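Structure, as structure tokens:
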Amino acid sequence: MATLASSTKPQKWVSLIAGGVAGGVEAASTYPFEYAKTRVQLLRTSKSTPSNPLRLIFTVAQQEGVGALYTGCSTLIIGTTAKAAVRFVSYDTIKNSLSDERGSLSPARGIVAGVVAGATESVLAVTPTERIKTALIDDAKNARQFRSSLHATQVLVRTHGLRELYRGLVSTTLKQSATSAVRMGTYNILKESFKAHDIPPTLFTTFCMGALAGVVTVYATQPFDTIKTRAQGVQGAGLVEAIRNIQSDYGVRGFWKGSSMRLGRLLLSGGIVFSVYEKMTYLLHSRAGVE
């Protein structure tokens, strides 16, 4: 099987396009898991709420229709396309400046590159789109006041001002920085390890590395995701208030609420996003005549 990447350092335009395509494909493919995770995190304690992601997805599809599983999907696809493009171009730019003459990156430097990339994508793309997506899913639990992503944006801005789209900026930036650091850092460690053992980066090995990075990311960063979601509900909450509410409602275990839902998504998305990114990078470099 042909390898997906060479030792060539990706050019910025390649990272931007490949990252955007990878993010869009990943978001569209795994959205039902994201919907289930967000819905569970927004609900107060309820014995009637399924905690198994597949069961919740089936229940929602049966009671509300399959379309309900894609509530807020367009917003997430747009946001994920943008954030993945920003993440990969930021990460690759920093990685290129920190890597040695052989193009290798130490684990510590890989984590630093991930933190910076995560913070950058949070400010430029993630916070506004996550705010809208979370508000749409939260709104769908009751009588709807939002007709679409655009309508939700208009209502939120008209009612609370433009700054409302950045509600939860601190919690989102913490979550994105941690997620990107762990995800990109873990993938970099695995990639360097495979390279050291002369294992070629095929589609299969790349998917496995990405999937494993996704699993590590879920349990290492879930508290940040839970706090971010609570802060970005329709009513909104400050960082400290969100933490207190979660602790009061569920105890310490509540900070990992929705982890099984997120695991299903990141297991797939980790494999998908890195596989698509590496493949797109390879194809774009081939078209540009870069060896």
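Cβ coordinates are placed from backbone N, Cα and C, and glycine is handled just like the others.
Some features that Swiss-Prot has for this protein:
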- 10-97: repeat 'Solcar 1' (REPEAT)
- 105-193: repeat 'Solcar 2' (REPEAT)
- 201-283: repeat 'Solcar 3' (REPEAT)
- 16-36: transmembrane segment (TRANSMEM)
- 74-94: transmembrane segment (TRANSMEM)
- 112-132: transmembrane segment (TRANSMEM)
- 172-192: transmembrane segment (TRANSMEM)
- 203-220: transmembrane segment (TRANSMEM)
- 255-276: transmembrane segment (TRANSMEM)
Tertiary contacts of the transmembrane segment (74-94), as residues 6+ beyond its ends and Cβ separation under 8 Å: 9-10, 12, 15-24, 26-28, 31, 34, 112-114, 116-118, 120-122, 124-126, 128-130, 132-133, 136, 149, 176, 180, 184, 273, 277
Highest-contact recorded stretch vs the transmembrane segment (203-220), from 16-36, 172-192, 255-276, CB pairs under 8 Å: 255-276
Folded-back contacts onto the transmembrane segment (172-192), same chain, C-beta under 8 angstroms, at least six residues removed: 83, 87, 91, 95, 104-105, 107, 110-115, 117-119, 121-123, 126-127, 130, 201, 209-210, 212-214, 216-217, 220-221, 224-225, 227-228, 231-232, 270, 274
Same-chain residue ranges lying at least 6 outside the transmembrane segment (255-276) that approach it to Cβ under 8 Å: 4, 18, 21-23, 25-27, 29-30, 33-34, 36-38, 40-41, 51-54, 56, 84, 183, 187, 203, 206-215, 217-219, 222-223, 225-227, 229, 246-247
Residues in the repeat 'Solcar 3' (201-283) grouped by DSSP into helix, strand and remaining coil: 71 helix, 0 strand, 12 coil
